[in-house]
Amino acid sequence: MKLTRADLAATFTAPSLVSAAALAADLQYGTSAAAVELIAAAGTGSLAWTSFSKGWPAHLSWSSVAAAGVFTQAWATTAVGGWTTLYAWLVAAGATAAARGVYRHTTRHDGLKAEAETTKNRILLLREQTAAHQLAVRTAPDIVPDGPDLSGRTVEERELRTAVWEALKAELPGCLVEATDVGWRAVLDCPATLDRATLKARWPKVAGAMRVDGAFHLDDGPLTSQLVVNYVDGDPLDTAVPYESERGATFLDPVVVSRDEFGQPVAIEMAYSHTLIAGSSKFGKSTLVRLIAIRLAGRPDTVLYGVDMKPGSPELSPMLPILQDLASTPEEAHALMDWMRQELDERGAILADHGDQEWIPAKHGRPAVYVIVDEHAELVRQGDKGRKKGERISDKVESFLALNRAYGIHMISATQQPSSGVFGGKTDARGNYAIRISTRMNDQGHAQFVFGRSSGYNPGSLTKPGEILVNTPDHGRPFRSRVQWLRGEDFRREIARLARETAKAPVGKRLILPVPGATNQEKVRAALVKYGNCTRRELQAAAGLDERQVLKAIEGLKPDVERTDAGTWRLVPADAWEAQAVSVL
């Protein structure tokens, strides 16, 4: 405890005032004043004794003690005087200081006790208030909002709920939004007043209410009351898709050709299905054909044949190293179709022996076949002239498309202007081609021939090279994707690699196309130059001659032609002539 200046002032002021009053009384009244002071001191002292002994109030007891001390000091000052006055003053000052200290200690202790009690009471009050609030919360009725619940855990969820309410006056009971690489994906629970089909039909109003720049794609959810909304921010197809080489795939594996708006690869199941590729020039149709050819050529149980009727075969001739053969004239095209019919008959017998319905290369011993036709319209236009009157290539193609799929023999037809005329006026592309792919097409009639009138496919909306629409049994709704960009150097590198891995059909089991020549000998020589070792029947097929004519032509070509130990015919290698010349020298 620390005494302040106020405490010191009170300690010295009170005794001084008593001494001054006693001296004044002594001057005025003399011994009478001393007698009165003595009587007062005795009386207040007696009162203090009685108060303490009887336990009267403390303030009365201590006040009596203080009064007795004051009168005693006054009596000593008045009656005795001298040094006794000073002594009495000092005693009074000490008593005052002691009383002041006791008072300060007592009041401080009482103050601390009062503060502690106050704090305790406040804590109890807070506890009571908290308990009362919790009780009120538990017992209060739920607050029913006046309007729809448009809250959400994310900004997208709140915007979706708000847009559906503004556009359709419907409140979504559930809305789950998650981010994707290109935007976000939401699963919406349809309210009882709005079914999924209606929500899909009216979605353009909802999209308009959201006021965003991206595109929406709608899918059916796992439940009949759910709609899946995929949002793409901007257009991911603005950037070219780099080419990715493929290794280790087989006939039954899907072919990856493009990437969709969500950054996912588009894989097409091409096994047991014919493919139609349509589109205007300069929009990536040729690149797509090349990409598919390279994908298929890299499969060890698959072989490719080509038909390119344009002069010089500019589209497919660069692929010759990975093709078994390439037909570029009407005669060659007819020969190819006739050979495919023979192959079909042989495979039919093999399937019958195994009791199977579909061709499996690993089981049945022959590879799957894909015939790539560049510009189908030109094949029909030239081929329908036929090798003889009434022989139409379109009839053979129609039979090919109708029969060959299950036998592992497929056709990939590319054309700029798909129409009934392109297919001989009979074939419906939607019926015979299970896989239909289109780059940009400006003619709406062509698009309808490929995809149908009410399919929702609009190739005219495609604006970028390599941008395509795909329709297959696995891709039944319109969606955009972009073909992998196969650059010229990538194409040449892949052709060189695959050429080393491509196995040609064996002698006696391969397709033999007609060869040109003015004489029988020229035709036989041309066949041997093109195909190497040939059987007599292969030479007959290539030269269009009978057995006697072929043998006579061979006699005329000797010694440039020789018979091998295997019974085939070949041109004598140049190194053999060089060796003979050296031995003669």
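Heads up, the Cβ atoms here are built off N, Cα and C, so glycines get one too.
Note that TrEMBL annotation is computational and uncurated.
What TrEMBL records for this protein:
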type: BINDING; residues: Gly279, Ser280, Ser281, Lys282, Phe283, Gly284, Lys285, Ser286; note: ATP binding site
type: DOMAIN; residues: 263-448; note: domain 'FtsK'
type: SIGNAL; residues: 1-24; note: signal peptide
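Annotated features taken from TrEMBL, shown on the structure.
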residue	record	Cβ within 10 Å
Gly279	ATP binding site	29
Ser280	ATP binding site	19
Ser281	ATP binding site	10
Lys282	ATP binding site	10
Phe283	ATP binding site	24
Gly284	ATP binding site	24
Lys285	ATP binding site	28
Ser286	ATP binding site	19
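Secondary structure from DSSP puts Ser280 (ATP binding site) in coil. Neighbouring residues of the recorded ATP site, listed in sequence order and excluding Gly279, Ser280, Ser281, Lys282, Phe283, Gly284, Lys285, Ser286, comprise Gln416, Thr439, Arg440, Pro465 (Cβ within 8 Å of the Cβ centroid). Along the domain 'FtsK' (263-448), the predicted structure has mean pLDDT 90.
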